[in-house]
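Feature annotations, courtesy of TrEMBL:
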- 1-10: compositional bias 'Polar residues' (COMPBIAS)
- 12-21: compositional bias 'Basic and acidic residues' (COMPBIAS)
- 28-65: compositional bias 'Basic and acidic residues' (COMPBIAS)
- 1-65: region 'Disordered' (REGION)
- 72-103: transmembrane segment (TRANSMEM)
- 115-133: transmembrane segment (TRANSMEM)
- 145-163: transmembrane segment (TRANSMEM)
- 169-190: transmembrane segment (TRANSMEM)
- 202-221: transmembrane segment (TRANSMEM)
- 233-254: transmembrane segment (TRANSMEM)
- 275-298: transmembrane segment (TRANSMEM)
- 340-360: transmembrane segment (TRANSMEM)
- 367-384: transmembrane segment (TRANSMEM)
- 404-424: transmembrane segment (TRANSMEM)
- 431-452: transmembrane segment (TRANSMEM)
Amino acid sequence: MTTFSTSNLSLGDEKEKEFGHEGAGQDEIVRSERRSHEGANGEEHRIESERRDDEVEPEVEKAVDEPPDGGYGWVCVACLFVMNGHTWGLNSSYAVFLAYYLSNNVFEGATRLDYAFIGGLSISQALIVAPVATMTTRIWGTRTTLLIGVFFETLSFIASSFVNQIWQLFLTQGICFGWGIGFMFVGSVGIPPQWFTTRRSLANGISASGSGIGGLIYSLAAQAMIKSIGLPWAFRVLGIICCVVTFTCAMLVKDRNKQIGSNQLSFDVSLFKKIEFLFLIAFGFFSMLGYVVLLFSLPNYARTQGLTAKQGSIIGAVLNLGQALGRPPIGYFSDSFGRINMATTMTFLSGLFALVIWMFAHRFGVLIFYAIIGGTVAGTYWAVVSPVTAEIMGLVDVPSSLSITWLVLVLPTTFSEAIALEIVSFNGGSYVGAICFAGFMYIGAAMCLWFARAWKIGDLEEKAHALGLKESAIDPTSSKVLQGAKEERVVSAATKDFRKSPFVKRMFMWQKV
């Protein structure tokens with residue numbers, strides 16, 4: 001009985017064990033299948049993830065496109081150098097035409113004010129057409145925009161050779177020529193930064209200096225042509241030369257808009273709510289009031305001092321030579337001295353030189369000295385406007401800021417020379433009042449940028465404190481921490497209340513900005 005029960009128990013145990021082994025085997029099979037299924041799903045997820053990474057990778061590469069820092073970019077710089085010489089440089093030679101108009105009764109019934117407005121119109125129209133040129137660049141591309149400019153500039157010179165009334169000269173040498181400059185300027189001004197990184201300031205300086213060289217050459221050439229072949233044929237020769245040269249340059253220039261994903265942003269009127277932007281706008285406004293007076297008045301001033309028309313054209317040419325020599329160093333040394341610091345200093349020197357040297361320049365030699373010295377700093381605004389705008393407003397707001405700036409500058413560029421000639425007439429032909437006007441406008445521009453500099457230092461203090469760093473550790477343009485600057489950490493942002501330095505103290509504080 002006992003044996004039977006034991007046998008039955010043993011048999012039951014064996015069956016239970018067998019059943020347990022079978023169950024365990026089934027469980028193992030289920031777990032194995034589950035692991036296989038999970039492994040398959042994991043593999044699918046891994047493959048899907050890799051596929052998505054592969055799809056995203058080209059976009060990442062596009063976002064971090066690196067300019068070649070040279071190469072064909074130097075060809076573009078050379079083309080823009082020549083193009084600036086045949087746009088802004090030719091515009092500078094209007095001082096020679098102005099002196100000729102004022103000393104000869106070319107158009108019956110025309111006044112000094114009429115001739116002054118023509119020179120201002122060419123600059124103001126170049127700025128006012130900027131939004132249209134930006135739109136054509138976005139729709140049809142850079143080359144088409146440049147060729148539109150070539151067409152208008154050529155048309156302006158050829159049409160000017162046939163005018164016989166002053167209102168016709170307004171349309172040709174004023175408005176039409178300004179449109180030609182505007183389309184070529186807006187279409188080309190952003191190309192050098194697309195090709196360069198470490199040499200960006202140098203490339204910008206070289207291309208901008210073309211306007212000074214062009215002004216030097218065409219101030220002398222225009223005077224010689226007017227004297228030898230007459231005014232109409234001088235216009236025609238200039239038109240033919242400009243057509244050939246600028247057309248060739250427009251065909252050689254290449255942009256990198258597709259590589260960098262360039263966007264043409266619209267206006268952002270909310271920028272007017274920012275005090276730093278108002279300082280920046282005032283800097284440009286006052287700079288242009290002084291610059292245009294100096295650019296167009298110096299040759300005629302020479303004639304009022306008893307010098308000949310040829311000597312006046314030489315003085316105007318040397319002024320443009322000074323600009324050609326001064327702009328590249330201003331752009332180059334801005335990186336080490338500080339862009340805002342350099343712009344403020346050079347603009348102040350422009351006003352100081354006008355008040356101290358031009359005011360007492362009555363001889364040919366002294367005027368030549370002033371033209372070369374004053375010329376090196378006279379065009380500071382055009383050499384620094386883009387980098388200073390980036391420094392104060394930040395890279396994101398640069399396109400909108402510049403678009404608004406060009407429109408604001410229409411007023412001073414249109415009326416500054418007219419104001420100067422009215423001051424001269426009021427003073428009985430004396431240029432003392434006009435010289436004071438130009439000098440103090442430059443100084444006023446420097447003061448506005450000085451205020452913007454103080455604001456920028458306070459902005460850097462606030463951002464540096466938020467990161468617990470020194471102000472020197474923050475990039476003024478991008479507001480990012482400079483490489484290796486984290487070692488300069490000085491305080492935790494959460495452990496101490498923050499207060500900016502007083503505004504007056506920041507005005508006299510040294511810092512590279």
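Glycine is treated like the rest: Cβ placed from N, Cα and C.
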Tertiary contacts of the transmembrane segment (233-254) (same chain, 6+ residues out, Cβ under 8 Å) | 72, 75-76, 79-80, 82-83, 86-87, 90, 142-143, 146-147, 149-150, 153-154, 156-158, 160-161, 184, 188, 191, 218, 222, 225-226
Have the transmembrane segment (340-360) and the transmembrane segment (404-424) got at least three CB pairs under 8 Å, pairs 6 or more apart in sequence?
-> no
Intrachain residues whose Cβ lies under 8 Å of the transmembrane segment (275-298), provided they are six or more past its termini = 92, 94-95, 98, 116, 119-120, 123, 312, 315-316, 319, 343, 347, 350-351, 354, 358, 367, 371, 374, 378-381, 385, 388-389, 392-393, 401, 404-405, 408-409, 411-413, 416-417, 419-421, 431, 434, 437-442, 444-446, 448-449, 451-452, 455-456, 459
Among 145-163, 202-221, 431-452, which stretch has the most Cβ pairs under 8 Å to the transmembrane segment (115-133)?
-> 145-163
May I ask you to check whether the transmembrane segment (404-424) and the transmembrane segment (202-221) make contact, with contact taken as at least three Cβ pairs under 8 Å and only pairs 6 or more apart in sequence counted?
-> no
Here the stretch out of 72-103, 145-163, 431-452 with the most C-beta pairs under 8 Å to the transmembrane segment (202-221) is 72-103
Who are the chain neighbours of the transmembrane segment (72-103) in space, where the CB to CB distance is under 8 Å and they lie at least 6 residues beyond its ends?
-> 110, 112, 115-116, 118-119, 122-123, 126, 146, 149, 153, 173, 177, 180-181, 184-185, 188, 191-192, 194-196, 203, 206-219, 221-223, 226, 231, 238, 241-242, 245-246, 249-250, 252-254, 295-300, 303, 309, 312-313, 316, 319-320, 382
